[in-house]
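Below you'll find the structure, written out as structure tokens, and then a few comments.
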Amino acid sequence: MQFIDLAELQVIGGKGGDGIVAFRREKYVPAGGPSGGNGGKGGSVIFVGDENLQTLLDFKYNRIIKAENGERGGPNNCTGANGGDRIVKVPVGTMVYDSTTEEIIGDIVETGQTLIVAQGGKGGLGNKYFLSNRNRAPEYALEGLDGEEKFLRLELKLLAEVGIIGLPNAGKSTLISAVSSARPKIADYPFTTLVPNLGVVRKPNGDGTVFADIPGLISGAHLGIGLGHEFLRHVERTRLLLHLIDITSDDPIADYSKIQNELAAYGRGLSDRPQIVALNKIDASDRSDEEIAGMISELKSLAKTPVFQISAVTRLGLDPLLQEVWQILDRMLVTVDG
């Protein structure tokens, strides 16, 4: 499936039905009064969160969404039928912006959550509404009002408890495939992953935790370089960051600093997010034990967080790493509840 996490579209609420001019003409009512009914209300465009959707791909081909118009009123004081609402499913994690004002219209964070993005127009009043002592036979009615029309920008921010971050080719996709049932594309070259991958990792008690493999960040990501804005946006929704570092790279400490600098430059509290650091590909490293120990000591000093040695390929060290993840998430949950 193609992953689309940005979409521009137009939404239009249905027009209200027109009120009509009509008079009673029954056989035994020679001077029947006005009986024109009101028009029906126009339908609204309504977004609904759906946890089964993972992309905004549908909006790539459907950029104009319109609800039904209300029907015109009828004689004998009959109100026209309301126009049907247009129900549109969107992925959980979708933020909705007004493209014209840049205001946030809403944030879909739960499945089943609804958000009216374009209200239908009110139906026009029939001539019966204008009956008065001065005008016993009004010969005018009102047209229905147009529905709201908006240009929207949708942004999908993945909802995951743990975000796996790191430079390209750090082994993020290999890790998420090792700890979950996700099967991302994996190859031994940078930028294999161009879209986020989600995987559910099971705790010992069977509860699931959603991990997101965020595509590799590079220097300048906060400026949008290398699709940086798109990737960093997904980090915003995570509760815990798992920073993966390739121990076989030329300078793992510098690699760590690059990512931290990008998080800080992007802002929005990303650099303050709870974090775990893991040195990956330990099975392929030719560094001495002393060199690795010094590297871990320096990373602990910089990160103020636990540092683990793992191999996503051989699964070495994954159990202690996941135990630390569960403990941190549990502590965060206790803090929130408290």
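Including glycine, each Cβ sits where the backbone N, Cα and C put it.
Since this is a predicted model, take the numbers as computed values, not measurements.
Feature annotations, reproduced from TrEMBL:
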DOMAIN    1-159  domain 'Obg'
DOMAIN    160-330  domain 'OBG-type G'
BINDING   166-173, 191-195, 213-216, 280-283, 311-313  GTP binding site
BINDING   S173, T193  Mg(2+) binding site
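A sphere of 10 angstroms centred on the C-beta of N169 (GTP binding site) encloses 20 other C-beta atoms.
S311 (GTP binding site) carries a strand DSSP state (E or B).
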